[in-house]
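**Q** The structure is given below, and queries will be raised subsequently.
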Amino acid sequence: MESNGVPMITLSSGIRMPALGMGTAETMVKGTEREKLAFLKAIEVGYRHFDTAAAYQSEECLGEAIAEALQLGLIKSRDELFITSKLWCADAHADLVLPALQNSLRNLKLDYLDLYLIHHPVSLKPGKFVNEIPKDHILPMDYKSVWAAMEECQTLGFTRAIGVCNFSCKRLQELMETANSPPVVNQVEMSPTLHQKNLREYCKANNIMITAHSVLGAVGAAWGTNAVMHSKVLHQIAVARGKSVAQVSMRWVYQQGASLVVKSFNEARMKENLKIFDWELTAEDMEKISEIPQSRTSSAAFLLSPTGPFKTEEEFWDEKD
């Protein structure tokens, strides 16, 4: 366990990852001094795992915060941090993977990533990131060649580990049929209102660590919901345990054997979110949470197309829960 109280998880490749990370997807203060200062404050209060992506456009601010943290002595070396970034869909082509990773490293001012993830199981026509994706730009991903390029990035030392995001059991199976090295992480939405039972069981059987995002319902995001934070069940448990609803939700995810990333730019909540590892939910608590109605928060609508690989949400997520 780290000095900040966050347990370390050993991934199937052997590298160790903090069980809790700070998410960096933010629209309101993207690319601002406030964003950089929030990352710097997170390092100061004890966060050592940061989750970014080319699409978040937060890599440069995070890189500046890391450089400043080193200068201020908040950390002694870059090796104290675990940095994750993600390959955007327009770069999910065999010849573009390495250049995309190298661009992320330039943004972050780093020599290597700890974890590099494919952001979605879809490719787009090559080009700059755009908020509104033309439907005819959505393409099926060549899992074999793209994953081989991800493996090459790891072999070259630009990332210590590789994985995926938002992959269903079916997509994972397709990828692993030709992979030399299986993904070590699958980052997906998971919370008390989306248990992901089938996917969790599949990933566990294949030594893939689930990293949960939208653990608190992605409140504030365009697709966000108050279903988690306003849950009466979670509120009752929180009162009984002397914890916050956020802490109960995060603790539930951790007790399912998953790692997680959460985001807050508020210092008090940053500190609160770290305090989920020295207590447990009871069997009765877990039973109550198991009965919470289930619904997905995140949407794949922007990656659906009549001519693309996925035409409906159900097809994209391959949901059986």
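Here the Cβ of each residue, glycine as well, is placed from N, Cα and C on the backbone.
OK, Swiss-Prot features for this one:
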type: BINDING; residues: T27, D51, Q187, S214, L216, S264, R269; note: NADPH binding site
type: ACT_SITE; residues: Y56; note: active site, proton donor
type: SITE; residues: K86; note: site 'Lowers pKa of active site Tyr'
type: ACT_SITE; residues: H119; note: active site, proton donor
type: BINDING; residues: H119; note: substrate binding site
**Q** Return only the integer: C-alpha distance in Å from S214 (NADPH binding site) to H119 (active site, proton donor).
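**A** If we compare the Cα positions of S214 (NADPH binding site) and H119 (active site, proton donor), the gap is 15 Å.
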**Q** At the Cα level, what's the spacing in Å between K86 (site 'Lowers pKa of active site Tyr') and H119 (active site, proton donor), rounded?
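**A** Approximately 5 Å lies between the Cα of K86 (site 'Lowers pKa of active site Tyr') and that of H119 (active site, proton donor).
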**Q** Indicate the candidate from Q187, S214, S264 with the smallest number of other Cβ atoms within 10 Å of its Cβ, considering only these binding-site residues.
**A** S264
**Q** Which one, from the recorded positions K86, H119, R269, has the smallest tally of other C-beta atoms lying within 10 Å of its C-beta?
**A** R269
**Q** Reduce the DSSP letter at D51 (NADPH binding site) to three states and note it down.
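**A** Going by the DSSP assignment, D51 (NADPH binding site) falls within a strand, counted as strand.
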